Amino acid sequence: MTTATGKVNLLGLTQPQLEQFFESIGEKRFRAGQVMKWIHHFGVDDFDAMTNVGKALREKLKAFAEIRGPEIVSQDISADGTRKWVVRVASGSCVETVYIPQGGRGTLCVSSQAGCALDCSFCSTGKQGFNSDLSAAEVIGQVWIANKSFGTVPAKIDRAITNVVMMGMGEPLLNFDNVVAAMNIMMDDLGYGISKRKVTLSTSGVVPMIDKLGEVIDVSLALSLHAPNDELRNRLVPINKKYPLTMLLDACRRYISRLGEKRVLTVEYTLLKDVNDQPEHAEQMIALLKDTPCKINLIPFNPFPHSGYERPSNNAIRRFQDLLHKGGFNVTVRTTRGDDIDAACGQLVGQVMDRTRRSERYIAVRQLAESESAANRN
């Protein structure tokens, strides 16, 4: 990708693309591996820091290329350790990246678009509409920024980022080429060396692109389902009017069958009080998914202003989970993380919170967590 400076941004180039770039400037293809390792393993954005690259080539790179990531606007840390970065992309829009630590695993939730065109009724990102696709550099740049923030390199066993999920702002399959390029860099040993099983793309159901995805890359697939019948899903996830459930699940099964290796589909289901959390919805879901190798992730709704929806009670959540368990499914309930910094699922809107209000909220939540911890010890 050529930036506003007229130079090629090397950050978003896959290894084959980097090889082509070096050939285009009269250099050997092996230089791609050297430079790619500097960029992604060590977070370098200055060609002069590349000590195994000769001075003449470094000067040529300065003339034709640059390494430019998104601009960090703010970083917040939740009381539970969740981190959220707000970054500004070339279009001027802001997007959000969220890091969720849990046990020995660290999951980075990456955005693919500024805003979203799908307008799912329970998601705050969709309420702002679509602004722009992110370039491959802006997608992988979120991993690059987070990795640098933690001061780790991919070769380390104890690296902070072990999993990446394309579940941030936007519909990844509507920014297909750039997202695929970024995921290839994530999995490349010269990039971040993340296992294909630990890179997950989440889609609301762009059926033709699910089939195309299976032809070009091997990553885990998650489906944002949220309703067990077409009538309700048409209302909650409007793209269902174009690609109804029968068509959508057929595409998901085709994708999973291509992967083999006992891979399964992750089904995401946001629970909305008195909307999709009733026993009949669980029974419909069991019937809908009976022929689909899958695990189900229930997501209690994370409130945001003017959404019109509420989070179900804990009893309602447990009841729904138990019914699915009895139906033979592996079911987990996602623990809400980062809601004190608006980093929970469905809350990403690319806004920068007022610093004073942000600090007050963080302190209040931290104090609450500390008091609850002390009470539990007593």
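Including glycine, each Cβ sits where the backbone N, Cα and C put it.
According to Swiss-Prot, the protein has these features:
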ACT_SITE  E96  active site, proton acceptor
ACT_SITE  C345  active site, S-methylcysteine intermediate
BINDING   C116, C120, C123  [4Fe-4S] cluster binding site
BINDING   G170, E171, S202, S224, L225, H226, N302  S-adenosyl-L-methionine binding site
DISULFID  C109-C345  disulfide bond
DOMAIN    102-342  domain 'Radical SAM core'
Cα of G170 (S-adenosyl-L-methionine binding site) to Cα of C123 ([4Fe-4S] cluster binding site): how many Å, rounded?
11
CA-CA, which of the recorded positions E96, C109, H226, N302 lies nearest C120 ([4Fe-4S] cluster binding site)?
H226
Can you tell me how far the Cα of C109 (disulfide bond) sits from the Cα of H226 (S-adenosyl-L-methionine binding site), in Å?
19
Do me a favour and check the Cα-Cα span between C116 ([4Fe-4S] cluster binding site) and E171 (S-adenosyl-L-methionine binding site); whole Å is fine.
7
Determine the minimum-neighbour residue: among S202, S224, N302, listed as binding-site residues, which Cβ has the fewest other Cβ atoms within 10 angstroms?
S202
Listed binding-site residues (C123, L225), ranked by Cβ neighbours within 10 Å, top entry:
L225
Alpha-carbon distance [the residue listed as 'active site, proton acceptor'; C123 ([4Fe-4S] cluster binding site)] in Å:
14
What is the one among the recorded positions C109, C120 whose Cβ has the most other Cβ atoms less than or equal to 10 Å away?
C109
Which whole-number mean pLDDT does the model give the domain 'Radical SAM core' (102-342)?
92
What whole-number Å value do you get for the CA-CA distance of L225 (S-adenosyl-L-methionine binding site) and E96 (active site, proton acceptor)?
23
